[in-house]
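Chemist: Take a look at this one; I'll ask things after.
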Amino acid sequence: MPNGIAADEMHFIFSDKAVLLFDFWRVHSPTGMALSVLVVLLLAILYEGIKVGKVKLFHKTLENLPNTSSQQLILGSDQDSTGSGSTSANGTRLRWFLWYLGQSLVHVIQVVIGYFVMLAVMSYNTWIFLGVVLGSAVGYYLAYPLLNMT
Amino acid sequence: MGMNHMGMNHMGMNHMDHMDNNSTMPPHHHPTTTASHSHGGGDSMMMMPMTFYFGFKNVELLFSGLVINTPGEMAGAFVAVFLLAMFYEGLKIAREGLLRKSQVSIRYNSMPVPGPNGTILMETHKTVGQQMLSFPHLLQTVLHIIQVVISYFLMLIFMTYNGYLCIAVAAGAGTGYFLFSWKKAVVVDITEHCH
């Protein structure tokens, strides 16, 4: 098992040395640590943004629901479109499916980024932890107001 | 709509909000700290990896008896973790649905309120809720406990840093979301568009 460490001391430390997530991500110096904190900060901001983005995508899939009452409401009593109704229904069905597939992929990305942020905090490096906290705060601050703008 | 703020933090989005426990320490240990670490932690403590790796030898999975040593066992563990992650997503969706269905106890109370030009308006308050000792709420609580436990298990599995198992978690979450949330996206309530 590569890079194992003893799991008997668990507390936050301030340190310029860390190994984060991957073998190649080794931090030796203050500059490297500052850069790593920045990366982790951006990751946390991205995570909060993706949470909001998924809801926005959900709205988009709602708009593209395949022949439901929402479409009938929009079309109203438009009799001309019955001829092209079937083809447009198939087209909208595919479009809805693609939007929904996109939403599922965004969910996978959200799960993975969430776990990566968790593992970064698990390094027990205080700078990294502060970076995650700050990134979550900034991400929440920037992204959540966008939720109410429909 | 189902994805309201409560849904985001609590059950809709991710279980990450639950977790607040860690179990490993930083890799580089300065010798200037306490002297009790001269033996480097070889006692009864396990060596836990801190970076991602792909392997199937001696992979300990959650419980002390569960050790993976062969590719076949790793394949079995992959499938099991995949199904667990899928079940977790399904449980989340099922809880949301159950919550919506059980909120049928809607109480209206109207009261007259003086309007602008001396007219009287009726203001109607609608309260939706569950009683504490009702069966739906107890069921929700039990499901919540199961969800919390499974979310911690998935976190611990991801914490093994084993590449195969982590991919199983991510793929299972994606597939579960795809399969179970589909119903939600289609059935979505026409009644809920005014939120």
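Every residue number used here counts from 1 along the chain in the order it is shown.
Heads up, the Cβ atoms here are built off N, Cα and C, so glycines get one too.
Curation does not apply to TrEMBL; its annotations are automatic.
Sharing the feature lines straight out of TrEMBL:
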TRANSMEM  A:31-50  transmembrane segment
TRANSMEM  A:97-121  transmembrane segment
TRANSMEM  A:127-147  transmembrane segment
Chemist: State the non-local partners of the transmembrane segment (A:97-121) in its own chain: residues 6+ outside its ends, Cβ under 8 Å from one of its Cβ atoms.
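Modeler: Here the qualifying positions are 20-21, 40, 43-44, 46-47, 50-51, 53-54, 57-58, 60-61, 64, 128-129, 132.
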Chemist: In the same chain, which residue numbers or ranges, 6 or more beyond the ends of the transmembrane segment (A:31-50), come under 8 angstroms Cβ to Cβ?
Modeler: 16, 18, 20, 25, 106, 109-110, 113-114, 116-117, 120, 127-128, 130-136, 138-140, 142-144
